[in-house]
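Trainee: Pasting a structure here, questions to come.
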Amino acid sequence: MKINVEIIRACQDWKNQKFINKLLVKKVVGAILSKYKNFKGVARFELAILLTDNNEMLNLNSQFCGKGKATNVLSFPDIELDFRHLLEFTPNLDYMYLGDIAFGYEIIHSEAISQNKDFGDHFIHLLVHSILHLLGFDHQDDEEADIMENLEIEILKGFAIASPY
């Protein structure tokens, strides 16, 4: 399985975060997709990541979600999936565009400080979280949140990151 990643650093603050690179994203995507054997038939996956600031996150959140505030991360899936049926999903594709993810530096940095978390660990957690959103996971109710959080914890263990919850 090949994973193509496009990373756009649209904000100066992200340029100092050298650990965020295509290899990291590929490892995280691979760790998640390896949980689902039905994706093994897809030869190539692709996603794009925008590393930006609060102003752009406010614009994106307003435009696409109707919310008038900045946020830490937004996921824009290319295919509408439902995690409850993910194991039955059989993509008959050689190529699958997963979607786009936007990260807002200031909020993520502020959260890491206020929650006493390493910035890198917090970013990787949000990366896992956002990729799960691309695959149809959500947290609209307690049951969905528990399922998503448990999967996040399991995946983060593979990166030696403690549970963020």
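Yeah, the Cβs are placed from backbone N, Cα and C, and that goes for glycine too.
Keep in mind it's a predicted model, so treat the numbers as computed, not measured.
Straight out of TrEMBL:
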type	residues	note
BINDING	His129, His133, His139	Zn(2+) binding site
Trainee: Near His129 (Zn(2+) binding site), which residues of its own chain have a C-beta under 8 A away, given they sit six or more steps off in sequence?
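Mentor: Expected: Val73, Met148, Glu152.
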Trainee: Given the recorded Zn(2+) site (His129, His133, His139), which additional residues of the same chain have their Cβ within 8 Å of the Cβ centre, ordered by sequence?
Mentor: Ser75, Ser130, Leu132, Phe137, Asp138, Met148, Glu152
Trainee: Can you tell me the three-state DSSP label for His139 (Zn(2+) binding site)?
Mentor: coil
Trainee: Using other CB atoms within 10 angstroms as the count, which residue among the binding-site residues His133, His139 scores least?
Mentor: His139
